[in-house]
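Participant: I grabbed these lines from TrEMBL:
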DOMAIN    13-148  domain 'MARVEL'
DOMAIN    153-297  domain 'MARVEL'
TRANSMEM  12-37  transmembrane segment
TRANSMEM  43-67  transmembrane segment
TRANSMEM  79-101  transmembrane segment
TRANSMEM  121-138  transmembrane segment
TRANSMEM  150-177  transmembrane segment
TRANSMEM  192-212  transmembrane segment
TRANSMEM  224-246  transmembrane segment
TRANSMEM  272-291  transmembrane segment
Amino acid sequence: MDPQGGHYLNKAAVLSGLGAARMLQLLLGCTTMALVAHSAGFSATYGTFCMFVWCFCFAVTLVVFTLDVTRLHGCMPISWDNFTVAFAMLATLMYVTASIVYPVYFLRSECPSEGCEVRNYRIAVTVCSSVCCFTYGAEVFITRAKPGHVVGYMATVSGLLKVVQAFIACIIFGALANDSEYNRHIPTQYCVVVYSLCFAVTVVVVALTVSGRTSSLRFPFDRFVVVYTFLAVLLYLSATVIWPVFSFDKKYGSPGRPGDCPRGKCPWDSKLVIAVFTCANLVLYVTDLVYSQRIRFVSNSAA
């Protein structure tokens, strides 16, 4: 029995802004999957990826909502607040990606061979998926760190950036696997090592935080994160210089896109994607480092 009257269900999980956001996520996610399965359809690798995003996010959101309503999340051997905000950030990024990929590959202004009804369904899928991005973004906004509130690390800007950094690294890995010709030069292989090392450590940081194991470590976790972020900045800075040189310099590659390069399977396109997202991750790691230093300064001053 609950000491405050035997309420086994958590009303705040439903009658709150966070609860409303999660119920909208479930409604829009279910609608999106139903529209795709009914008539909109999907195919090839890109369509499978989009369907995976919608099914995965719906399933995890349903579990999170159920555990929160029934208060059973207290039985989970994880840091619940860190897990939910990390997942909400990841789901936001995944939904944004799917909302871009699906219309690019499946939506055209003219009616497809299946008929105009299929096009209309695909428009509805794109709209529902796009709106659902904002519901997950709203959850991140609601649960983010606020002044004067004690929250988990993943709810801070630094924690949220860790999720974005890992997600962008996954995009880089996808481009590397898409015939990027990275194994032609030792310096580009070094860049792959940089991407893999930083991704692995970032995932470990997130996993330790979500599992609630940081307090049992034999070293100061916050100091380790700051030192690692500084090293990641240096590594990504080197990759930001090396990758474009050995990909687009005329001595090693092609400065411009070859005219006979097929779209979707062009090594030059993959190299460009990697170069752009390498720069993006460098900016994220620098921002993370600056914010981490600011947090340490505030805590030291308060002490």
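Using N, Cα and C of the backbone, Cβ positions are placed for all residues, glycine too.
What TrEMBL says about a protein is an automatic prediction, not a curated fact.
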Participant: Please spell out the DSSP helix, strand and coil residue counts for the domain 'MARVEL' (153-297).
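Facilitator: In the domain 'MARVEL' (153-297), the DSSP-based counts are 115 helix, 0 strand, 30 coil.
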Participant: Do the transmembrane segment (192-212) and the transmembrane segment (121-138) share at least 3 Cβ pairs under 8 Å, sequence separation 6 or more?
Facilitator: no
Participant: For the transmembrane segment (121-138), could you work out the same-chain residues 6 or more beyond its ends whose Cβ comes under 8 Å from its Cβ atoms?
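Facilitator: Same-chain contacts beyond the ends: 17, 21-22, 24-25, 28-29, 31-32, 35-36, 38-41, 50, 54, 57, 88, 91-92, 95-96, 98-99, 102-103, 106-107.
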Participant: Give residue numbers and ranges for long-range contacts of the transmembrane segment (79-101): same chain, 6 or more residues beyond its ends, CB-CB under 8 A.
Facilitator: 25, 46, 49-50, 53-54, 56-57, 60-61, 64, 68, 73, 126, 129-130, 132-133, 136-137, 139-140, 143-144, 151-155, 159-160, 163-164, 167, 206, 209-212
Participant: State the residues, same chain only, that lie 6 or more residues beyond the ends of the transmembrane segment (12-37) and have a CB under 8 A from a CB inside it; answer 'none' if no residue qualifies.
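Facilitator: Beyond its ends, the transmembrane segment (12-37) has Cβ neighbours at 50-51, 54-55, 57-58, 61-62, 64-65, 68-69, 91, 121, 124-125, 128-129, 131-132, 135-136, 138-139, 142-143.
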Participant: Taking all residues of the domain 'MARVEL' (153-297) together, what is their mean pLDDT?
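Facilitator: In the predicted model, the domain 'MARVEL' (153-297) has a mean pLDDT of 86.
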